[in-house]
Amino acid sequence: MVASARVQKLVRRYKLAIATALAILLLQGLVVWSFSGLEEDEAGEKGRQRKPRPLDPGEGSKDTDSSAGRRGSTGRRHGRWRGRAESPGVPVAKVVRAVTSRQRASRRVPPAPPPEAPGRQNLSGAAAGEALVGAAGFPPHGDTGSVEGAPQPTDNGFTPKCEIVGKDALSALARASTKQCQQEIANVVCLHQAGSLMPKAVPRHCQLTGKMSPGIQWDESQAQQPMDGPPVRIAYMLVVHGRAIRQLKRLLKAVYHEQHFFYIHVDKRSDYLHREVVELAQGYDNVRVTPWRMVTIWGGASLLRMYLRSMRDLLEVPGWAWDFFINLSATDYPTRTNEELVAFLSKNRDKNFLKSHGRDNSRFIKKQGLDRLFHECDSHMWRLGERQIPAGIVVDGGSDWFVLTRSFVEYVVYTDDPLVAQLRQFYTYTLLPAESFFHTVLENSLACETLVDNNLRVTNWNRKLGCKCQYKHIVDWCGCSPNDFKPQDFLRLQQVSRPTFFARKFESTVNQEVLEILDFHLYGSYPPGTPALKAYWENTYDAADGPSGLSDVMLTAYTAFARLSLHHAATAAPPMGTPLCRFEPRGLPSSVHLYFYDDHFQGYLVTQAVQPSAQGPAETLEMWLMPQGSLKLLGRSDQASRLQSLEVGTDWDPKERLFRNFGGLLGPLDEPVAVQRWARGPNLTATVVWIDPTYVVATSYDITVDTETEVTQYKPPLSRPLRPGPWTVRLLQFWEPLGETRFLVLPLTFNRKLPLRKDDASWLHAGPPHNEYMEQSFQGLSSILNLPQPELAEEAAQRHTQLTGPALEAWTDRELSSFWSVAGLCAIGPSPCPSLEPCRLTSWSSLSPDPKSELGPVKADGRLR
């Protein structure tokens, strides 16, 4: 009793302290519970992370040719932004989100969060269907945790035919944009839940066990030995997309022989390339274009359907008696001659050549997503849940580039064997089906002993650069892509340990020199004086496509380029600046090309119909606009700076480490990226500062650069619209300048392909609300950076928001002329202007001779090259 009384007395005396302690314990428990929930959620959403998972030992060097990466994310929650640095083979540099402002102006009002775009809204769970609409109507920044670009729902009242319970399927339904796609997803899921979609077991006919991988050796002397029977004839299946017609012609020129056959499928979205390929095929009886076209997305089931349909076509073309089927893309190129390839295949005319993933089947199944159900619609590959691999068979796979015998192709296309029929059903709902279907059919068929674990190619894999989840906007998975070959990779092209006859990838916009080296190695040099060997042109716009394929930024830039060029012609010294050389543009440009020389971007070539100011017929001119460099390296002379370059642009390709938006044309609604390239040296921490045209410090952040770091890049989440005009990005160390560059946010003369209206200009060209680009204010850095007083610049910026019509065009032209210069003009047809050279006689025009990419007649030896 005494002890009880003491306890009660103590409780009464310290009841306030006890209550406080209990409250603190309760609060801590809630916090721990909350964070544990977050960790569990993140564990299931690893695909959202920007940084790729650590590679297994040897994975970076093993050439498995499989492009699957790891599980992607369907995007449950928007993640915080983070910076990245890249440096292959060494620990990456860290980008630190460090607020370097010294004070915050109390008068500034923090902006509301930017609205979520239709393609990036979080529509899973309770938020489904509650799309936020932005007042300005422009998209926000991409979210690392979402399937960027995946279409979003337009009809949230869709009701499936069964109760769908899987989180992957529910997420796909919430994100699909069309009712047809939602219906397809629901039908597939309902059939799968009922157990009637996937085969439970598949018959296996192969009597062998283990991997069928007979080694085949090859040396150059075998090409000279007599063949067993007549030389084989090859059906080349070329699967192409994009706009690189000149590189495709160069490939065709290298592999062409009159004894072979060429069947070309052009992606349904590549109309310009299709027109060019159809014209190309008219000159050769053994070159045909598929009369049908499909949209073949990366990882999609459509690619396998395209191959199977093409195989049927090739089997049924009268007179095309081919022995082998070889698929190629426009980024492939031969590494040995046609004679060597024919000799090799003639000695192995009963073999099928496919590259396998290796020995660890269970790991391959997980990595490839074969145990997941996928469906393709709305040009997206949706992950819908888990599934079981059919019993009774060995699942294999690796590369979707192969060399197959005609007999095996006939078996796959025409057989009613349950093995093929049921595997077709299984692979209809499979990610990357072409990387596994033919392997699995062959390895379980009676022809399993014909499999050779070699697809006769060498692929330039660098998984630390190529596995960046770059396809998550079209597939709910993380995938990999091989790197482009460069001259330093040439030794890899000379494989001696195994027979290889093709290599990939090559891109002339990235590096053309390696193609020159390889072409010389195979066929010798072109005659002395051959033009354009170091030049490359690629079309970016053609009038036949219409302006719908152009962004407002590109439409603004191309029309401004034409005006600048015509103004240059009219104001130049005689003989250019005569009345006969004064023109007015007629309509929109008819075509635009990228121009490269010696693997350096040289600018845009704009073809424009014009009307002479003097009396005369209409003419067509081509104009060359060249970018002007604005980089300043400002490191102290007594301290060698590691900084090599500082660039700002959009469409950064982390795999090839370049901006795909050549020339850096960007507008108020774009999301620019700052990229720094470094030489090796001591660790350093640098500060990056972005300054807008009115001297507003838009953002500042620190980057830590390790000793071996080569590239750092970061896209700050700036509020938009960005203020048009010249921006400055400074790089400092201890507030001492290392480098500085300028870039242009282009004032738009078009909005939604129509001339800009005043009510649109008033917000589109005004910068972000309250001049706040970030939640933090960095204006306190103005004095440290010695920025000018902003009043005059602010007044000019305010006037610019009211401009439309010719006044707006004049402002756009002035700004553009500070970053671009007219490098040349030429006439496509006859012109009275005495100083206009015919385009065909120039070295830079897209109409000038380009022998390396011109096909011409078949030579006496049956070849084009």
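These residue numbers are counts, starting from 1, taken along the chain as shown.
Any Cβ shown, glycine's included, is placed from N, Cα and C.
What Swiss-Prot says about this one:
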type: TOPO_DOM; residues: 1-15; note: topological domain 'Cytoplasmic'
type: TOPO_DOM; residues: 37-865; note: topological domain 'Lumenal'
type: COMPBIAS; residues: 53-65; note: compositional bias 'Basic and acidic residues'
type: COMPBIAS; residues: 73-82; note: compositional bias 'Basic residues'
type: CARBOHYD; residues: Asn122; note: N-linked glycosylation site
type: COMPBIAS; residues: 125-137; note: compositional bias 'Low complexity'
type: DISULFID; residues: Cys162-Cys190; note: disulfide bond
type: DISULFID; residues: Cys206-Cys448; note: disulfide bond
type: CARBOHYD; residues: Asn327; note: N-linked glycosylation site
type: DISULFID; residues: Cys467-Cys480; note: disulfide bond
type: DISULFID; residues: Cys469-Cys478; note: disulfide bond
type: DISULFID; residues: Cys581-Cys833; note: disulfide bond
type: CARBOHYD; residues: Asn683; note: N-linked glycosylation site
type: DISULFID; residues: Cys826-Cys839; note: disulfide bond
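Of the candidate recorded positions, Asn327, Cys480, Cys839, the one lying closest to Cys190 (disulfide bond) when CA atoms are compared is Cys480. Put simply, of the disulfide-bonded residues Cys448, Cys469, Cys478, Cys833, the one whose Cα is nearest the Cα of Asn683 (N-linked glycosylation site) is Cys469. Taking CA atoms as the reference points, Cys469 (disulfide bond) and Asn327 (N-linked glycosylation site) are 25 Å apart. Between the CA atoms of Cys478 (disulfide bond) and Cys581 (disulfide bond) there is a gap of 55 Å, rounded to the nearest whole number.
Under the DSSP three-state reduction, Cys839 (disulfide bond) is assigned to helix.
Using Cα positions, the member of the recorded positions Asn327, Cys467, Cys480, Cys833, Cys839 nearest to Cys206 (disulfide bond) is identified as Asn327.
It is 40 Å from the Cα atom of Asn327 (N-linked glycosylation site) to that of Cys826 (disulfide bond). According to its DSSP assignment, Cys448 (disulfide bond) is helical. Cys448 (disulfide bond) sits 29 Å from Cys480 (disulfide bond), taking the CA atoms of both as reference points. For the pair formed by Cys480 (disulfide bond) and Cys162 (disulfide bond), distance between Cα atoms is given as 35 Å, rounded to the nearest Å.
The local packing around Cys833 (disulfide bond), expressed as other Cβ atoms within 10 Å of its Cβ over all shown chains, amounts to 22. The Cβ of Cys162 (disulfide bond) lies under 8 Å from the Cβ of Ala186, Val189, Cys190, Gln193, Ala194, each on the same chain and at least six residues away in sequence. Geometry remark: Cys467 (disulfide bond) versus Cys839 (disulfide bond), CA distance 43 Å. In the three-state DSSP scheme, Cys190 (disulfide bond) falls into the helix class.
Packing around Cys190 (disulfide bond) is summarised by its Cβ count: 17 other Cβ atoms lie within 10 angstroms of its Cβ, all protein chains included. The 10 Å shell around the Cβ of Cys826 (disulfide bond) contains 22 further Cβ atoms across the protein chains shown. The Cβ of Cys448 (disulfide bond) has 18 neighbouring Cβ atoms from other residues within 10 Å, across all protein chains displayed. Of the recorded residues, Cys581 (disulfide bond) and Cys826 (disulfide bond) place their C-alpha atoms 11 Å from one another.
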